[in-house]
Amino acid sequence: MNNIKPDHHLMIEGAGCASCVGKIEGALKATNGVVNAEMNFADRTVQVTGAVKTEELIKAVESIGYNAKPIDDSSAIDTFDEKEAADWVYYKNLMRDTFIALSLGVPLMIYSIVVGEMTVETSLERMSWLVVGILTFGVMYFSGKHFYVGAWKSFKNHSANMDTLIALGTGTAWVYSMVVVFAPDAVPLMARHVYFEATAMIISLINLGLALEIKARGKTSEAIKRLIGLQAKTATVIRDNKEVQIGIEQVLLNDVVKVKPGEKITVDGVVLEGHTSIDESMLTGEPMPVEKTEEDEVVAGTLNKSGMILFRATRVGKDTALAQIINMVKRAQNSKPPIGRLADVISAYFVPVVMIISILSALAWLNFGPDPAIAFAIVSATTVLIIACPCALGLATPMSVMVGVGKAAEAGVLIRNGEALQTASKITAMILDKTGTITEGAPKVTDIVLAKATDEKEVLQLAASLESGSEHPLAQAIVESALEQDIELLKIESFNAITGFGVEANCNNKALLFGNDKLMKLKGIDLTGFVEQAQSLAKEAKTPMYFAVNGELAAIIAVADPIKSDSISAIKRLQTNGIRVIMLTGDNKETAAAVAKKAGISEFFAEVLPEDKANKVKELQDSGETVGMTGDGINDAPALALADVGFAIGTGTDVAIESADITLMRGSLHGLADAIAVSKATLRNIKQNLFGAFVYNVAGVPFAAGILYPFFGILLSPVIAGAAMAFSSLTVVSNANRLRLFKAKEH
Amino acid sequence: MLINLLGLVLIALIVWWFWLYKPNKTIVQNSEVLIEVKDGVYSPSSIQVSASQPVTLKFMRKDQSPCAETILIPSLDISKQLKLNEVTQITLLNLSPGEHEFHCQMQMYRGVLKVI
């Protein structure tokens, strides 16, 4: 049975003691169909094996007083509510920590500005600073504990991170100050300063920076939140002839689902009953609603506009197109383009290098600095540790990718990974497949030029009846055209297909002949006066065919695959952006030339076999172009794979997600220009971020070490360094957020 | 002089501790390992598995910091969001021998999976 899973993974809530394990396992094992149940008490999860429905397992757990929920190991769809709640708690904690630290830091800062340097000379001053030192320790404990614990754990793990720098910086300032308080004689008179205000202010500023960063980060995931928000929470299914409202995760394969007008489609399925129009714009970017009736596919997350429908669920949970799209966007958002690799390498060595620079800086001051050298050494070492910001460097690329990929998804462009994003920004030549990419991919009858015949309908009826025996795509266009006009097809006899020429048959005692000029010549049909008409149709990118009845030409029927309404403007957009556009087609030269001309393309290759498409890509690459290849993803697969960036054109929501670097969810070629525009904007944003982060660190660290002191007498305060560090990563996230305002050009 | 010597020793210790020292690996005997994500580190962070069997990495994120929310294994093209206080599983099949680094987006949390 399809609706029964062999393995289940559940999260158990309310299991507070180890003795619960036996109870829960027992209850699950007692459920019909369960072969085994094993609970992991450490992470409160249970793995159940057996052919059984998940909801039965949940019921079994609930019956003994616990709660269970299925763990979706794919994490394709999860709600952002939990994440937002967790982020909110973290934000509040950070703000509380900020205010605790500020309540000590600000008065100390004011004191240092108003009264002057915080020196320790008299015993009263020693006592007073001792109290302040203890208060600062309190701030370090309550507001900065996470830095110290994190630093210690990393240290034990032979790694170092931002916590390490903050803990060392603030710790050094505090320890030095306490040495001055307890043993002032150990340091020269001029160096008897305390730096408690630096410790308190750095902790407060960095907590504040983290809090603001959380807020800003929330905005970077807006696109994915919107996609997740498309998922309905509940579904109405028909079970045992009754309507039941259930949670979306409980919908099973083959369930019959009911959707009323105004409701969202809950899972993917095929319409069983009813007729409606569905708004799929949220997934495809296509603004026009799509008509759906029996046998048509519906997709989760789209909006049912007009009628009530019943449909059979064909894909549920993580298998729905929406879940796959979300999964793909999430994966792409977390992948890195090659441009970010250097920053990664630097990040890996960054913190220990800064620690070494800090020591070298202290040694330089001790050896060559003016008096009090020890005080200068402590200030510069602390400032170096605090100003360095590996986070800005580490955040530069992922934050922009997160926003850029999300922005593309909003426009119906699915970018597979960071590498595709980066390469798409560099495309110099774009190859477009003709059929289905530039054109609709569905040939239609465009002209019927009457010769001997007088009734167009009769011509279409006879021609369609004859062609109903053929499987040729052009023949199907004629049959469909007749059916659209409710023309009844007649019975044919003695059907014969003459390969390369056309077809012949008898119908109602009439001898019918349909095909090209060669066939007509072969059968001795007189085409006088009509060859020119056929040629002029061919020049309009149409394929003309002759239809003869009883040895006389009855009509010319022309079939064409129309160019999509917005292909011309989209191609122009690409060309305006300096991209060389090339068309490939298997069609004959005349039709190819006509389509290319109509579409505004000057370069084209006609009569290209599917297997030769990849060779054309290779030729262009060898000539130094960065090549994008756009196709429907079916017979273009080798060319798509070989191209620097392969673009698959999805038809509606039937997306070939795994087949290309970039998938366009709607048929419009504007998706290409959008994809390239968003890639360029994202890469520009990443470069700004990386530049900012590099310059900040490269300039900031020597500045903090006191390189300006010998020339201008300037030495940076650790408090200023703390503020700069906290806000440098915030700046990166905010700059990435600017991408949210990016809009693809008018189309 | 003494202070300079002390400084150089400190630098040598930093180089040794953070770059040269190879920590002990946690050898996974059965098919899964629970990795706690807390206080800026993965524990265990150095894991050794056998190429012959599939392995499930179960990440339990207890760290509120947003840095902890994404785990990347670039060599295997894997990235996952880790939910707070929940286990997120990554099952790896057909691993070829070699080292696979895993880390957070900013490479502040780092670990390595050694396949033998």
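Each Cβ is built from the backbone N, Cα and C atoms, and glycine gets one as well.
Pulled from TrEMBL, these are the features on record:
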DOMAIN    A:6-69  domain 'HMA'
TRANSMEM  A:98-115  transmembrane segment
TRANSMEM  A:127-144  transmembrane segment
TRANSMEM  A:165-183  transmembrane segment
TRANSMEM  A:195-212  transmembrane segment
TRANSMEM  A:346-368  transmembrane segment
TRANSMEM  A:374-397  transmembrane segment
TRANSMEM  A:690-709  transmembrane segment
TRANSMEM  A:715-733  transmembrane segment
Below 8 angstroms Cβ to Cβ, which residues of this chain, lying six or more residues outside the transmembrane segment (A:346-368), approach it?
160-162, 164-165, 168, 374, 376-378, 380-382, 384-385, 388, 390, 393-394, 697, 701, 704-706
Integer mean pLDDT for the domain 'HMA' (A:6-69):
76
Tell me whether the transmembrane segment (A:374-397) sits in contact with the transmembrane segment (A:98-115), defined here as at least 3 Cβ pairs under 8 Å among residues 6 or more apart in sequence.
no
Does the transmembrane segment (A:127-144) come close to the transmembrane segment (A:195-212), meaning at least 3 CB pairs under 8 Å for residues 6 or more apart?
yes
Six or more residues out from either end of the transmembrane segment (A:127-144), which same-chain residues have a Cβ under 8 Å from its Cβ atoms?
97-98, 100-101, 104-105, 108, 118, 120, 166-167, 170, 174, 177-178, 180-182, 194, 196, 199-200, 203-204, 207
Would you kindly list the residues that approach the transmembrane segment (A:690-709) from elsewhere in its chain, counting only those six or more residues past its ends and only Cβ-Cβ distances under 8 Å?
339-340, 343, 350, 354, 357-358, 360-361, 364-365, 369, 376, 380, 383-384, 386-389, 392-393, 395-397, 715-716, 721, 724, 728, 731-732, 735
